[in-house]
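Student: Just passing along the structure, written as structure tokens.
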Amino acid sequence: MLDVNFFDELRIGLASAEDIRNWSYGEVKKPETINYRTLKPEKDGLFCEKIFGPTRDWECYCGKYKRVRFKGIICERCGVEVTRAKVRRERMGHIELAAPVTHIWYFKGVPSRLGYLLDLAPKDLEKIIYFAAYVIVGVDEELRHNELSTLEAEMQVEKKSVADQRDADLEARAQKLEADIAELEAEGAKSDVRRKVKDGGEREMRQLRDRAQRELDRLDEIWTTFTKLSVKQLIVDELLYRELVDRYGEYFTGAMGAESIQKLMENFDIDAEAENLRETIRSGKGQKKLRALKRLKVVAAFQTNQNSPMGMVLNAVPVIPPELRPMVQLDGGRFATSDLNDLYRRVINRNNRLKRLIDLGAPEIIVNNEKRMLQESVDALFDNGRRGRPVTGPGNRPLKSLSDLLKGKQGRFRQNLLGKRVDYSGRSVIVVGPQLKLHQCGLPKLMALELFKPFVMKRLVDLNHAQNIKSAKRMVERQRAQVWDVLEEVIAEHPVLLNRAPTLHRLGIQAFEPQLVEGKAIQLHPLVCEAFNADFDGDQMAVHLPLSAEAQAEARILMLSSNNILSPASGRPLAMPRLDMVTGLYHLTRLDEGAIGELAASTSDEAEQGVYSSPAEAQMAVDRGALVVQAKIKVRLTQQRPPRDIESELFPEGWNYGDGWTAETTLGRVLFNELLPADYPFVNEQMPKKRQATIINDLAERYPMIVVAQTVDKLKDAGFYWATRSGVTVSISDVLVPPEKAQIMESFEAQADQIEKKYQRGALNKTERNSALVKIWSEATDEVGKAMEAHFPDDNPIPMIVKSGAAGNMTQVRSLAGMKGLVTNPKGEFIPRPIKSSFKEGLTVLEYFINTHGARKGLADTALRTADSGYLTRRLVDVSQDVIVREVDCGTERGIVTTIAEKQADGTLIRDAHVETSTYARTLAADAVDENGNVIVERGHDLGDPAIDALLEAGITQVKVRSVLTCTTGTGVCATCYGRSMATGKLVDIGEAVGIVAAQSIGEPGTQLTMRTFHQGGVAGDDITGGLPRVQELFEARVPKGKAPIADVSGRVQLEDGDRFYKITIVPDDGGEEVVYDKLSKRQRLRVFKHDDGTERLLADGDHVEVGQQLMEGAADPHEVLRVMGPRQVQIHLVNEVQEVYRSQGVSIHDKHIEVIVRQMLRRVTIIDSGATEFLPGSLTERADFEAANRRVVAEGGEPAAGRPVLMGITKASLATDSWLSAASFQETTRVLTDAAINCRSDKLIGLKENVIIGKLIPAGTGINRYRNIQVQPTEEARAAAYAVPSYDDQYYSPDGFGQNTGAAVPLDDYGFSNDYR
């Protein structure tokens, strides 16, 4: 067998009949499968042991040879080789066909490759192949030319004889008629009898004339057909062909069926044809040129590689190994078999019948019919249903052919090669484990015992609890007491992987150290729920066990949950306190006025109250009941760093641990600060979720991951502890309906009645009435909401939960306690009748049904969205899977300019809202210099929060940063252009699969995006596509719905306003030709933008526009942007447009992820003129190849090729990849494979997918070459310690048959018995 680690590329091509016979171990001659009595394979049948190998290890068919010692002997009685049964998975057979057949992929695919090669229309090809027409295969032009005059003379003679015969017959008939009439006249017959006889005679004469004329026409047709007879000409008329063969058989040869195609190909001169086509392309125009280009692609493919076009017509059909199309006995004695066996059986039956007919010398028509049936049966075997009705099995189910085995989600590629089921795994329901550390999980004892069984058994033997593995296994199965102690020992520090489906991003699988727990549920740390998107309402998770040392190391270092605190999408922590923990911390840091023991100034009779010398003293007061943790106190702190302002005032040299200072705060906040690292400045404020998130962000930016993990763990414990003590509960009595509600409703009811009256009178139309009512009731809802918020007391748990940011928002509270307000119908429009009740008061029946209307749409939407979003992720992964960090720095000077702040009129800077996702975590491409020329941050520096703050302080508004879009690395990207990895906060490692991370980061929030198209301000009209459909539209580079024109040039606008359309003319500044945009629908509205004077208003007549500026509302067409503004601008445009959608949903994704995808969309160039290069005009080429070829040609002094960048959608870009394995496993499998085989494509195995498919280590992460070839050199001491045992190259291990003398045991049956000792 091949070892995948030893080859670097995989080529696919056409197999010739020779190849097929060489692969084969024998010919399958009979359609039989197995003998139903003995259940043994039939000889020469589809399961024959002689051809495919024995069904039992080391045992021949007749049983003469049994045992391993006869290895390799071929039994003289039954002809079966004695070997392992698994060869039945790899040995192929073949069927020798009695007549050639064409391969359906090459004839029926679009475009038809056979048709392009032979220049025949697919319709004509079909007629030839399926015996409906003859085709001329060869014409002896010379012979025909030499003897043409003789043949013409013969033809003239024949024609003359026909004409003479006709004239003679007519003469005779006319005389007979005259005689008849004369006779009748003599008898005195009536005139009508005479007329009848005359008519009869004339009719016969006319028939004679017609018959002769038909004969002459036929001779003419035969003659003209013969004189113009050319190769590849079709003759559909059977009789005409027969005549031609009879008369001029020696001048030409014709045939039908696949044989004729084979003959045409034998005489086909590829080089000459390619030359002609190139000539046509150079001189031709229009359709002719296009057709020639398409044909040249196919012809050139056969010209350049060692493929022969003969491979498209088969003389032999390979039979795949029987284990891959098995036959299994069911318990009823019946057999279940793979569909392929039925399809092969049909081929063999028809082939055998055809052989017999040919031997018998059957008439041609019968033989042809049998050949046609053979062709159809081979077609069904290769691709059932591609042509005509599919062959069906029992129950009218179409049989699965070889192509169907590869296609689709259930096909070989996606089901078995790209994802497999694994052993050492289990799954169970998850429950919360609040006592766990961040890197731990609770594993049920029984599950752990089953997963670690082999480890436990080995350890039991090592510790002499069991004599051998068998008894150890028995101990484990009976769960003896010793087993549990051993299990504890075995699982220590052996991480396990937990996975929750759907795994939408890489944090869906994380490693944990298992802790044994009772029960049968897995315990999960509460802080990792966010990453897994898990909750404890019955979710299940799968556990996997990393076995090898390498796997354990990767799990521990790369996948441990405490090393995966940051989100790979935004670089912000995901392991945040949430829900109860937030409430607890919020409660802890609250400051209550007038609480027990609060700070009070000294009076004449009382000393100062609420002043403590240390947190411990304050804690004692709490224990005594003299103080509550929310009360304001003064306390002296020595172990916590003061806030920055106090530190600069009290400790100008900087604070040192142990320096005392007094804080006016609450004990709760002191306790909170004790959870943070000691040198973190004291935080003296209340802690809602947002504030907690900021602190954890800050920690992640400034402290090592270990500290962050410990801190969030402490926060979790404190959060739960104080949440329990806060007594936050929700009961119906906490839902307080504001008493002002009735009065608010009255005033708005009155307004609504007025609108209704106006409508009744006809003063308003329906749309106006609706929008007026919507406006009134929205205001009413807001009013009620405000009244409700004001009415809730501070200590009410419901607003407390919302204000702390733990869960919910005020809109939901408003539905509970105020009023539900307006709801939408499934179209997304507001229903003008509001829901006036709150849920506490209860809805009326009508309100209930109006409310469920929108809710039901929401659920249907979510279901559709999940599927759509999953498919988007799949396409994104496919297009970006080979983007891997390949080098540290590509050395480019280029970059993109990003804005970090906006300068206001008064000179102040306002930080840009999107710094987090655009500039943050990148590398500077040029020194950031302030107005005085001082370098604030140097080129090559990483922009974290501190660096960005420094830039803002220096008054810098824009910086030039490195970007994936400008990276010059050949395949993949370089680390410097990518910047820091969002998930680790450090510069990205070499080998990181950033393409997949990007795809996951964009795809994962896909389910949160909306499906619907928004109606703008209640105006019916062109909807603006938003949400997920908009993201798909952008990534697929489709022309958007409601496309907006962009200015082709800079210049002044002339705006003409028609009834239904605008007409915009741009007069260019450079005096070029005017650009006119006609028929712009008024429903689209003009675009608002900033003008030179700084005001924002609609585009108007006489305005000045810049090149690329959008003129109307709507979305610009990315292809237009590419044409007008060039590739860099279109990339930035796409990134911004995708970000628009995600930001509108509040999803934070870093630009670099979208850039990775967009870069893949613009990787190709369309060749316009090939110059002196090998490229075909009109073909798509990788930009890198294009530039390399041009450099080479220019260096040799030739003409470089001209090309223009082309924007491809992600589906198209995935299918256009250089790797045929990756493309075939993505979509349109048969089309990709057909194309790859003709072009003899070679897959360089650069991306991840192709390596996963062939089972090689993927070239990313630790599998990248520069890490794989590392050699560990032990130091002298290590060597001395390790090699105290005898070395392996002394006389103990003589290298005889054991391969490399590694001293490893060799399985007995692999040991060559060459030096036999019997």
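Each residue, glycine too, has its Cβ placed from N, Cα and C.
Keep in mind it's a predicted model, so treat the numbers as computed, not measured.
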Student: Which of C890, C1240 shares the Zn(2+) 2 site with C967, C974, C977 per Swiss-Prot?
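Tutor: It is C890, as the record lists it for that site.
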Student: What does the structure give for the C-alpha distance between D535 (Mg(2+) binding site) and C60 (Zn(2+) 1 binding site)? Integer Å is fine.
Tutor: 58
Student: Identify which of the binding-site residues C60, C78, C967, C977 has its Cβ surrounded by the largest number of other Cβ atoms within 10 Å, counting every protein chain shown.
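Tutor: Of the binding-site residues C60, C78, C967, C977, the most buried by Cβ count within 10 Å is C977.
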Student: Quick check for the class: what is the C-alpha distance, in angstrom and rounded, between C78 (Zn(2+) 1 binding site) and D539 (Mg(2+) binding site)?
Tutor: 58
Student: Suppose the Mg(2+) site is D535, D537, D539. Which further residues of the same chain have a Cβ inside 8 angstroms of that site's Cβ centroid?
Tutor: I430, A534, F536, G538
Student: Spatially, which candidate from the binding-site residues D537, D539, C967, C974 is nearest to C62 (Zn(2+) 1 binding site), comparing Cα atoms?
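Tutor: Result for C62 (Zn(2+) 1 binding site): the nearest of the binding-site residues is D539.
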Student: Around D535 (Mg(2+) binding site), how many other C-beta atoms are within 10 angstroms of its C-beta?
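Tutor: Step by step: centre on the Cβ of D535 (Mg(2+) binding site), count other Cβ atoms within 10 Å, giving 11.
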Student: Tell me, if you would, which residue among C62, C890, C974 (binding-site residues) has the fewest other CB atoms within 10 Å in the structure shown?
Tutor: C62
Student: I need the neighbours of the Zn(2+) 2 site defined by C890, C967, C974, C977. Which other residues of that chain put their C-beta within 8 angstroms of the C-beta centroid, in sequence order?
Tutor: E887, D889, T892, R962, V964, T966, T968, T969, V973, A975, T976, Y978
Student: Would you count the other CB atoms within 10 A of the CB of C75 (Zn(2+) 1 binding site), including those on all shown protein chains?
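Tutor: Around C75 (Zn(2+) 1 binding site), other Cβ atoms within 10 Å: 20.
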Student: Excluding C60, C62, C75, C78, please set out which residues of the same chain place their CB within 8 Å of the center of the CB atoms of the Zn(2+) 1 site, keeping sequence order.
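Tutor: For the Zn(2+) 1 site, the extra neighbours are E49, Y61, G63, K64, Y65, E76, R77, G79, V80.
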Student: May I ask for the distance between C890 (Zn(2+) 2 binding site) and D539 (Mg(2+) binding site), taken between their Cα atoms and rounded to an integer number of Å?
Tutor: 46
Student: Between D537, D539, which of the binding-site residues has the fewest other CB atoms within 10 angstroms in the structure shown?
Tutor: D537
